[in-house]
Amino acid sequence: MNEQSSEHILLDQIKEIVKRKDISKARDLIDEITNAEIAEVINELSLEEQLTFLRMLKTADAAELFSYLDEEIQKELAQSFSEEWGMKLLQNLQSDELADILDELPSNVTSKILAYTPANKREDLNKLLRYQDDEVGSIMSIDISSINNEYTCEQALNKIRRDYNKKGAELVHYYYVVDNTNKLLGVLTLEEIIFSNPETKIDELYSPVASVEANDKKEYAAQIFSDHDMSVLPVTNKEKRLIGMVTSDEVIDVINEENTEDLYKIAGITTSENDEWDYLKTPWYKLVKNRILWIVITLIFATVFQIFINIILSLSLKNQTPVENITEFIAFASLIPVIIMITNNSSIQANVTITRAINLQEIDQSTYKKVIFKEIITGLILGFIVGLINFARLAIYYSANGDLLVKNNHIQVTNIIILMIISSIALFLIVFIGTFLGTLIPIIFAKKHKDPSSISTVLISNIINIIAALLMFSAIIVLKIQ
């Protein structure tokens, strides 16, 4: 049975449960099928059906399922919670999950939910809500259990149980060790605590650990996760006191968002932070809005490109007969798509390669000169190879269609040979310049502490296309093809 048919069966099953208001079957279903699978299906129900299904579950189970729903669905449900049951459901969420929801709600709804929230949790929520969206603090969990370095393993286990039962602390694989001032000292695993002698001091077991500060950027946390292969990461304040942790789930979301943003920027698609990333859930008018800007900009560049070609062709062909004009125009026009394709490809290859290396911190300011020199060599060699291949390609092409036959007009044959030479030299220079600019522009952005991914390859391609046209047709004028 394929995935779509199983989802359809589950959807029908849930709709039937909702229709019959069968509490027993609803609770059995939540025990038999994962929350992720049920959430995927519940997203397709109406708001009324979603509320009915959640009400049939135990509050803790409903809260767990709620945390798996799409953000937009969570927002709609939270705004519809008017009775005590809905408020209890929200209070069963982890503080960071509830903070994420509150951040998206109107202020009057947020105030209502906060008024129902116990004072200690309300204080935690206010701490989380003060962080900017791009900071680690905005995605950290503060419902955690930390262990004092002076505890024994037995005391540590008791503390973990107590925090879980009374504070709803998250159960994780790693636990962080702090001193009496809550300063982060290190980390140890749950297995180390369980399988060590109950009287062994935590001080003897913990290992050093990498950490991030609450005001660090989320992308920095993602990089630390990647470097250290951790499932959770401790978050501290500026005094290195433990205040929370970031889970791999949150960081995966950050990486996905960052990759999507970078791809959209490279493709020249404008987005806002509130945009929905799921393609099927994005309305057509947002797709149009996100894409139109760079299409219009490309049209403007194309107009400039067209003007250059018209001016240069009129200058180069003004002393020729109409028949010669047509022949030369056809020859020039046939080279334009070649120039555009080669130009775009060389600049985009360099731009994407260097942008990736900068974002992954494979290169930095200390290696920029080495990178530029390396790409200059690469561009020169690529340009030389492309120039040779282009000359051979045109020789075969014009020989095959008879334009290079001796019986043809001598001037026409000479012009075609010169055109072959000029276009090959132009392509050599174009590939070199495209590679050089595709390398230099992201490095300049990085040196100015701006995201190199924000440079659209559409912009780079358009600039290089105009340079290519100038090179190609200026060379023709200088050599005065006749």
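Even glycines carry a Cβ here, placed using N, Cα and C.
As given in TrEMBL:
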{"type": "DOMAIN", "residues": "140-204", "note": "domain 'CBS'"}
{"type": "DOMAIN", "residues": "205-261", "note": "domain 'CBS'"}
{"type": "TRANSMEM", "residues": "292-317", "note": "transmembrane segment"}
{"type": "TRANSMEM", "residues": "329-348", "note": "transmembrane segment"}
{"type": "TRANSMEM", "residues": "376-396", "note": "transmembrane segment"}
{"type": "TRANSMEM", "residues": "416-446", "note": "transmembrane segment"}
{"type": "TRANSMEM", "residues": "458-479", "note": "transmembrane segment"}
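Model confidence over the domain 'CBS' (140-204) stands at 91, taken as the mean pLDDT rounded to a whole number.
Note on the domain 'CBS' (205-261): DSSP counts are 25 helix, 16 strand, 16 coil.
Remark: secondary structure over the domain 'CBS' (140-204) totals 24 helix, 18 strand, 23 coil, with classes taken from DSSP.
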